[in-house]
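What TrEMBL annotates here:
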- 29-50: transmembrane segment (TRANSMEM)
- 70-92: transmembrane segment (TRANSMEM)
- 99-118: transmembrane segment (TRANSMEM)
- 148-168: transmembrane segment (TRANSMEM)
- 189-212: transmembrane segment (TRANSMEM)
- 218-243: transmembrane segment (TRANSMEM)
- 344-365: transmembrane segment (TRANSMEM)
- 385-405: transmembrane segment (TRANSMEM)
- 426-446: transmembrane segment (TRANSMEM)
- 466-492: transmembrane segment (TRANSMEM)
- 512-534: transmembrane segment (TRANSMEM)
- 554-575: transmembrane segment (TRANSMEM)
């Protein structure tokens, strides 16, 4: 009996190993297991960005799409890939483990890249070659079966990328024990280094892979991506003996729908559930902080969730009817835990919405910022930097800043505040939002300087590079790169740690969905600005053949103002937010 009890305490409750046996504490999980995930992220993001960062060039030069068609195709491809992370997260929570979803998704992405590689190296599968220029016959864009092959390859790749983004961060974070300070600190370090490894893959993609595509051919570029994602599979599998995998608990959407419907249909005169007066409350700082000790009063029971409570919290009280007044339909019967889970989902949504504007700013790095730099002197010594490699600035800065943040800034903040976290998730996200405001203001000032140089040199209509170095653009890249580090790592950890256990992969996927919606919002803003400023026969701010005739600086100021309003929206909700995982049961 004693041996059986000892074995029971050694197991990770709710987790299994790769063979579906109970996971054991001294054998599964920890930083070593998460390290395999970090290496896989380098390869996975290299495979994705090696193509995405330069795909516009491929579609224009080899598929004969117009610039607008190419830009729309790339935006749709990237947006779809990030939105499909929600599907990957949902399947990980509901039916499969994150382990299984990663392997399935990596194989799907591999198939998509194989199709693109075969098409790129087989002339008969490509559109007929043509000569571009004045007087030349218009090039026919790809069509028919060749177009179907192109889009099959792209969207199989997008489906695979979505599944990976929706499962891999959660799989790594699940390796840490959230009930111990060491485990929570390890999880925070994991998310910091996840963004670090993501940037390492991006750095290789926008330098080496882009150079190969431009100089050796796109069949080699797609080949690099194919090899990278193929290598990621054995690397991931190599950690199988160490992983602990969360057991799926069914569809989180079913729980959400049940609670909402129960609250809507519950009658005020219905039978009220029995209660012993234990009510779940929340604290203003995350689990493990010394603030918790001050927040817990005598007679309170400090817990990590709502399981011990018999009455729901006082936030979003309209949902309390789902448990306090039991509906007649047994299928709509809800527990306190289920009601609290749905409340958390609803309360994190405003934080999610407030990050979309930041990602809209980040979208400028792959659009107007690249076009600005393309008009400037991009030489570094004897080397000419291709425009598609300009994201090297933010990713390099993230690579340098991430270890400093984790090993210098966070320990200092912990000592200064006396808290386990040092800097809370929402403080990190807020810092990123402030940096995005600064970045847009800097971008506007730099654009004024660039246009002044073009005007003074009489080169407003010239095609030659302007006599100003593209390093001026680096300032906005650095600020946005810093914003991305603070916000993405903070957002991933915030959604994972705050979400109910049964919804963590889906909630973490909201970080990628925010990125997708940011790209879409960028396109919408450009359309709206041009429509508003092009009335009455006036030239729209962002139209024309020459960037020097755009009013891009005004657009950046609009982005700056919108980002400021967005930050105020974030601040309103962040001040009111109380952390779920610092719950306190009031007796």
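Just so you know, the numbers here start at 1 and follow the chain as drawn.
Even glycines carry a Cβ here, placed using N, Cα and C.
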Same-chain residues near the transmembrane segment (99-118), Cβ under 8 Å, at least 6 residues beyond its ends: 18, 40, 44, 47-48, 51, 88, 91-92, 125, 149-150, 152-164, 166-168, 171, 219, 222-223, 225-226, 229-230, 232-233, 236-237, 240, 243, 245
Outside the transmembrane segment (218-243), six or more residues from its ends: residues with CB under 8 Å to it: 17-18, 27-30, 32-33, 35-37, 39-40, 43-44, 46-48, 50-51, 54, 58, 62, 99, 102-103, 106-107, 109-110, 113-114, 116-117, 120-121, 160, 171, 175, 208-210, 212
The transmembrane segment (512-534) vs the transmembrane segment (344-365): three or more C-beta pairs under 8 Å (separation of 6 or more)? yes
May I ask for the residues of the chain that lie six or more residues beyond the transmembrane segment (189-212) and have a Cβ under 8 Å from a Cβ within it? 31, 34, 37-39, 41-50, 53-54, 169, 172-173, 175-176, 220-221, 224-225, 386, 388-392, 394-396, 398-399, 402-403, 405-406, 484-485, 488-489, 492-493, 496
Folded-back contacts onto the transmembrane segment (148-168), same chain, C-beta under 8 angstroms, at least six residues removed: 37, 40-41, 44, 48, 51, 63, 73, 77, 80-92, 98, 101-102, 104-116, 119, 125, 142, 229, 505-506, 508-509, 512
What residues in the same chain, six or more past the boundaries of the transmembrane segment (426-446), come closer than 8 Å to it by Cβ-Cβ distance? 351, 354-355, 357-358, 361-362, 364, 369, 372, 472-473, 475-476, 479-480, 482-491, 494, 553-554, 556-557, 559-560, 563-564, 566-567, 570-571, 574, 577
Long-range CB partners for the transmembrane segment (29-50) (under 8 A, at least six residues beyond its ends), listed in sequence order, are 12, 15, 23, 81, 102, 106, 109, 113, 157, 161, 164, 168, 171-177, 186, 189-190, 193-194, 197-198, 200-202, 204-206, 209-210, 213, 221, 224-226, 228-229, 231-232, 235-236, 238-239, 242-244
Contacting positions for the transmembrane segment (70-92) when only residues 6+ beyond its ends and CB under 8 Å are counted: 48, 52, 55-56, 59-60, 63, 98, 101, 105, 154-155, 157-159, 161-167, 170-171, 248, 251-253, 367, 505-510, 512-513, 515-517, 519-520, 523
